[in-house]
Amino acid sequence: MTEFLIQLAQIFLVVALAPLVTGWVRLVKARLQGRVGASALQPYRDLYRLLQQEAVVAHSASWLFRVAPYVTFSAVWLAAVLIPTFTTDLILAPAADLIALVALLGVARFWTALAGLDVGTAFGGLGASREMMIASLAEPAMLMVTFSLSLVSGSTAPSQIIAFVLSGSVGIEVSMGLALAALVIVAVAENGRIPIDNPSTHLELTMVHEAMVLEYSGRHLALMEAAGMVRLTLFLALIGGLFAPWGIAQAGAGWGEWRWGWEHSLPKALPWPRPWRCSRPGSPRCGCSAMPISWAARCCWGCWRRSSSTCRRRCDGSRADLL
Amino acid sequence: MGAGQISYDVAHLIGATVLMAGLQLLYQRRLFAVINTFAFQALALAAAAGWQAHVQNAPHLYVTAGIALVFKAMIVPFALHWLIEKLGIHRSVETAMSIGWTMMAGVALVALSILLVLPVTANAAALTRESLALAMSVVLIGLLMMITRRNAVTQVVGFMALENGLILAAVSAKGMPLVVEISVAFSVLVAMTLFGIFFFRIRERFDTLDINDVETYRGDRQ
Amino acid sequence: MIDRLTGLPGLENPLLWILAVPLGAAGFLAVLRDWRVASWVNVAASALTFIASLVLLRVRPAPTKLFFIDDFNVYLVVLTAFVGLTTSVFSAAYIARESEGNRLSDLHLRFYHAMYQAFLFTMLLALSANNTGVMWVAVEAATLTTVLMVSLYRTREAIEAAWKYFILCSVGIGLALFGTILVYLAAQPVMGDGADSMAWTEMMRRAAEFQPDLLNLAFVFVLVGYGTKVGLAPLHAWLPDAHAEGPTPISAVLSGLLLNVALYALLRFKMLLSANGQTLSPGPLLVVMGLSSLFLSAFMLYRRGDIKRLFAYSSIEHMGLITFAFGMGGPLANFAGLLHMTMHSLTKSAIFFAVGIISQNEGTKRIADIRGLTMSHPVLGWGFVLAVLAIAGLPPMGVFMSEFLVLGSTFSRQPLLALPLAIALLLAFGALISRLQMMAFGEPPPRSAVQSHAGRASSILALTPLWLHMALVLMAGLYLPAPLVAWFHTVARMLG
Amino acid sequence: MLIAASLSALVLLSLLAVVAGGREITHRLVHAGCAAASLGLLIGGLTHLGTGPGGSPSIVLPLGLPWMAAHFRLDNLSALFMVVVDLAAVAASVYGIGYCRHLPEVRRVTPFFPLFLFGMNAVLLADDAFMFLVAWEFMSLASWLMVLADHKSAENRHAGMVYLVMAAFGTFCLLTSFGLMAGAGGAYTFTAMRQAELAAVPAFLVVLTAVLGAGSKAGLVPLHVWLPLAHPAAPSHVSALMSGVMTKVALYGLIRILFDLHGEVPWEWGAALMVIGGVSAVLGVLYALFQDDLKRLLAYSTVENVGVAVIGLGLGIAFKDAGEPALAALALVGGLYHIVNHSIFKTLLFFAAGAVISATGERRLSGLGGLLNRMPWTGTAALVGAGAISALPPLNGFVSEWLILQALFKGPGLPHWAMKFGVPVVGAMLALAGALAATCFVRAYGIVFLGRPRSLAAARADLHPTPASMRWTMAVLALLCILLGAIPVTVTDALSAVVQPMTGLHFAVSADLGWPWLSPVSSTRGSYSGTMLVMVGAVLFAVAVVLAHGLGTRGVRRADAWDCGHREDIPETQYTGQSFSQPLRRVFGTSIFLARETVEMPEPGERSPARLSVRMIDPVWVWLYDPISRAINFIADRVNRMQFLTVRGYLLMMFSTLVFMLLVVAWRQQP
């Protein structure tokens, strides 16, 4: 019964807290850029406002356009439900291992991309094309991370990996380090962050994820945004859980441990902004390196920057047949 | 065995004559000379057949000798003479390979025949043995002549020289039934009539006997 | 003289009828004026011959000095008589169409029919002869009759083809005679003078005592000699032209029957060698010649623009395959070779039937001008497709079975030899299929839609043999009658 | 009994089609008959699968090779493939009832369709090499004739040509394989072959030729070239069978030889198969990504999926050789599962393509669009198919990829260093192929069914309603896609029974956690439950709907598309297939396909449109097939000169032959 309750708690907590996490990230980012930034609770307000707005759908859109936000949201939600955040003892966890999690995120992307194509605008296609291109590189990377984790730990199930890491038999593993680096990069790509994408851009030609959902409004847009927030939360929890699981509750734990796990899970994933002050405030490129996960991203920043800028150029090449 | 020795020597001599005539055919440069040499070869063949008939006591071989004498040594050469006159064929022999090389090839073929036949017929009658080697040489030389001569008449002569070799082999084979002789005569007969028809037809159509001109079409050019 | 004539069969002997009917018919047809009647007399005579040959399946006459029937030639005789019959039916239709265009004079037609029967006679004679000499005479005569028929149209190309055919085959047949004489010489010390030393039945009995070296030498001459008639590369040159320029029924019997007869002669000599047991193995020579034929024809097929030459080269290919099979030897490969002989002769003559009708319908032999046969003439077109697929070796037709056995047994014994074999077959397959698709599919040319009533009637007549052959080939691919299998097995054993 | 009756019914149906080919009712009748007959075969296969391991006794018919007769037998493996084949066959036949009305050349399809079904089933039933190859070639032959159904287009004829020659190549290869196993005695029954002991070199050749032969039919790179040509050329329900099922029959041949007849295949072959499979998967999907022809795209995607299945088979071999039967079984179950899945969703997608083509007459992506509004049934079914082929949970395509990945992740445990390093590479290839497949089908589905119509024909697609038989088949197949994804354990249990004789181990993929949980190896190794995902996902979806509607507005307002204010009505401004795949073309195409783009920009002031043209070459054609065809042409030209010699020349050839042979005899006779 308690297991059931825990699972239920997880289901609703990830959704309830996701906007907060996003707000927090935005706040940190603003601080690092030298701005005051909006409150961490701002995403709640945004979502509510969107929900209250009228949903406008284009004439040419099909039923898929209207269903896509619900599917996208519930797919991401489903993925997030199965990730151990404060405890590994989830009754639904065996339903999907890391491979299935990757695939569930793929479902969300599949629908979003299709929705982007549905209205039949240039920007929707542009976004879908870029998104799928990025995904077709990021998804294998994610699977390879899973591969190396399963090599080290002997399992693809997140709870088992966490158990293995906690058991202390893992030393300083090069492969774990590399896996972490890769996972961070994938997380950057999946969540549409700089340098792959810029969630706050207003120039449509440089959009990726945003371009796909340009046609959405009202509750549909709210669901799409919420899906993005849940995804961000999911990745942070995943990184934190897999690579720094200390404090997480395991099977058979009591309430106290769960609480402890819960209290630790948030700060772990969301470091307080103050200790990390950017050396060059105001530089937009630097802004991205001030992402909460930047401490890992820095390691591979140099090489990634090269490849991503090439990638970026390639993406922008699509303008040729667009204009 | 005295008689055997003599019969062997004579057969050998006549057979060698047939072969010599065959080699001679290779170095003739004029058409009429070729025909005459062929007539001589046929004559020698007739003699060989006659001698074998005598030695083997096989009267049917006289028939073969007669056919060779009358048909090959007389009618065919006369017919060819007449044909050349009538069709106004160029009288010199056009060779595809120089006479010297042809002769050397001919000699090599003789050597090959002897090399092949003599060891394998060790237990056959001596009479057969030598004749067979000679006959095989004649056959091969006839074929060689067909290859190295461009003119249709010389080719026909080469073909008949080849047949001469066959008949030489047939008569030397002791006790070979009559069937063979009939067939040989028969084939020669038909061959000749056919050749005649062909010559006329070729004449009608192409005004030449040089095969290179006949074969301008050669089938299925694209 | 008299004792030799006793070799002739008596009246009750089917062999007499098999030989006498075509010979008599040839004489009768030579004097018969009306070609319409002649073409049906031709059919009737062939039918009689076929019926007589069917008797052989029940009654096997005892061997005489000149003639014999054993497991090997019995099915070939029946096959020859059968294809002779179907071809004569096709020929009746063909000649009727041909004479509409006045391509042939009455004299030519009279000559044609007489020669057709004479040709059948010579082939049956060659098959049933118990004497190497008689066999040789028969093959030579078969050559002569077909030379005359090839030149029937008197066109420049036909005469050239006939000339080539005549010269090459005469030389070949001359060499075969030399080989025959050598075999006699090998037999004579053992069996004494006279006809016994040339009789297959006698020679096979005592072959082991023959001088092996002499047999080796003889076989070389026989191989080159009869091999020329079989059309093995590089002795094949006469074959494509002779097939292409003569009347199509003649192409059908040339490909379907004459090549088989020549091969039969060759195989008889090979049996002698394997019965002797101490000779050099003739296998390698046969394998090399078979492979060279296969490769030559496979590549040649890609460059053919003339439909009849195309299938003539395909005959060379199949003869090469059969020779290869016999060269490999062993029960499986020999069986396959025998089966393939049968299947090829049925299929290839069927193809030539189709080709004959096609070239008459379209008025051309150029492949490039023939299009969309399955649309313009469905029954003919699909029959043609079926026949070409069969000859290309696709199941469930009989050719597939024999190709399966040849390839399968070769792979298990000599993989290195099987590889070139498979490559050559694949090459030929590609060429045939590409030509087939060009002719059978696509938009048909606008003409050729109109057809006279008589033309339609004659094409039904012409199509019957085509479909009959294909039905047989199809049946053989699925089920082989037990007696045939038994014969093949015996012969395969004899071939070593 | 049921099977025999159904098979003979197929032959009779073909005869019926030939005899009474003219009328439309015949065509529908024949297709209906085919559906009934395949249903019979399907039931036959299913009942056999249900009866547990061990094959039926051999049935011997007096056909084929006279001394051997024809052997037929049904064991678990063939029963499984029979289910695969006949499930699709039933669907294709029912679909054909409605579809054949729209076929212009239906008379050239109906007689061969039953024969094609017959051929495929006969391959599965054959228990000797001869019958196997007869059926195998028969299957090619029948499908070749249907590829040529629309024979007036030169493209189709070329396709047919390439197809049949490749088929013959495959047959020759398999013949080699069987010939080597049968030995000189000609023991062509499978029973005899199982006992054959082979030396090293023949054993190597057996496997090599089996891989080449079956691979050419299955469409493994680089033998895949016929597939994208031939599959689109045939009518869609035939394409569906060719792509979805015939390639599976080829894999059946591969499995039969490698796991049953030959049995002991060394791990190197497993590695080789994995590499071939990986390359096929990646290249196949890349090809598919850049296609503009809908059916060709689907055909290339078949190359990918066959590659995925072959990775599973190769891994199975490697594990088996390393003495890990449990993991071998896992890999094989994954491979077989993928085979089953692919046959369903590829058939579905081809059906959808057929429906699209018969409604619009358009095969090019660039002429389609907006069809989901006009053909809702087809569009919805195709969406399920696209999701399944993109390996999205909870559909069936994901389960098989998951199983194969699970097995792959165990690969580094193999004892060979090559495998330790190679398996991750193959894993990366598989993952890449999966991700690219999703891209490919987002593109295909999005361009065809979503957006605005790009041609008049597409805009009027709703004027040609899809017949009920077509709609229902697609719906049923789509349901199967969901079902096979939702209850994977039932399927894996059946597959384990099939795999058992191959690995010698009864292996339950779901042993640890019980029914709805797929947990290979052990519960701690990683698990998956399609059932749970479906259930929880459905609940969450409902909650999301309730939440969104409860907290927010209801209903929608229809308006013109916003499009950032660009507002253009011309559908040409939409993304096209070409532009969609452009980023990936830049990444992969430039190196693999040597893609080059040229832009023609009009001068300022000119009103002509700018044009972007892309040129891509197929490396396999350029590096492998073109040289072969050039070589053949070169040699043919040289050889052809021999047709034009003089008589003298020919005599010379004859003379040389004679002299040569005489010399050989002289040489050999020297004591």
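Using the three backbone atoms N, Cα and C, a Cβ is placed for every residue, glycine included.
Remember, TrEMBL labels are computer predictions, not curated facts.
What TrEMBL says about this protein:
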DOMAIN    C:129-420  domain 'NADH:quinone oxidoreductase/Mrp antiporter transmembrane'
TRANSMEM  C:15-32  transmembrane segment
TRANSMEM  C:39-60  transmembrane segment
TRANSMEM  C:72-95  transmembrane segment
TRANSMEM  C:107-127  transmembrane segment
TRANSMEM  C:133-153  transmembrane segment
TRANSMEM  C:165-187  transmembrane segment
TRANSMEM  C:250-271  transmembrane segment
TRANSMEM  C:283-303  transmembrane segment
TRANSMEM  C:310-329  transmembrane segment
TRANSMEM  C:335-358  transmembrane segment
TRANSMEM  C:379-397  transmembrane segment
TRANSMEM  C:417-436  transmembrane segment
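Long-range contacts of the transmembrane segment (C:379-397) within the same chain: residues 311, 314, 318, 343-344, 347-348, 350-351, 354-355, 357-358, 361, 372-373, 403, 425, 428-429, 432-433, 436, 439-440, 459, 463, 466-467, 469-470, 473-474, 476-478, each at least 6 residues beyond the stretch ends and with a Cβ under 8 Å from a Cβ of the stretch. If one looks beyond the transmembrane segment (C:133-153) by at least 6 residues along the same chain, the residues whose Cβ comes under 8 Å of a Cβ in the stretch are 66, 103-104, 108, 111-112, 115-116, 118-119, 122-123, 125-126, 159, 161-162, 165-166, 169-170, 173, 176-177, 180, 198, 226, 229, 242, 245-247, 250, 254, 258, 261-262, 265, 268.
Long-range contacts of the transmembrane segment (C:72-95) within its own chain (CB-CB distance under 8 A, at least 6 residues past either end) are made by residues 18, 22, 35, 39-40, 42-43, 45-47, 49-50, 52-54, 56-57, 60, 104, 109, 112, 116, 120, 123-124, 127-128, 247-249, 252-253, 256-257, 260-261, 264, 267-268, 271, 341-342, 345-346, 349, 353, 356-357, 360, 458-459, 461-462, 464-466, 468-469, 484, 487, 490-491, 494. Within the same chain, the transmembrane segment (C:335-358) packs against the transmembrane segment (C:250-271): three or more Cβ pairs sit under 8 Å, each pair at least 6 residues apart. Counted over residue pairs separated by six or more positions, the transmembrane segment (C:250-271) shares fewer than 3 Cβ pairs under 8 angstroms with the transmembrane segment (C:39-60), which leaves the two as not touching. Sequence-distant contacts of the transmembrane segment (C:283-303) (same chain, six or more residues past either end, CB-CB distance under 8 Å): 219-220, 223, 227, 231-234, 236, 240, 270, 310, 313-314, 316-317, 319-329, 417, 420-421, 424-425, 427-428, 431-432, 435. Under 8 Å from some Cβ of the transmembrane segment (C:310-329) lie the Cβ atoms of residues 230-233, 236, 239-244, 251, 255, 259, 263, 267, 270, 274, 281-294, 296-298, 300-301, 304, 336-337, 340-341, 344, 348, 351-352, 355, 367, 391, 402-403, 405-406, 409-410, 413-414, 417, 421, 424-425, 428, 432, 435, 495-496, all in the same chain and six or more residues away from its ends. Using the rule of three or more Cβ pairs under 8 Å, pairs at least 6 apart in sequence, the transmembrane segment (C:107-127) is not in contact with the transmembrane segment (C:417-436). Note on the transmembrane segment (C:417-436): residues 287, 291, 294-295, 297-299, 301-302, 304, 310, 314, 317, 320-321, 324, 328, 367, 384-385, 388-389, 391-393, 403, 406-407, 410-411 of its chain, located 6 or more positions outside it, place their CB under 8 angstroms from a CB of the stretch.
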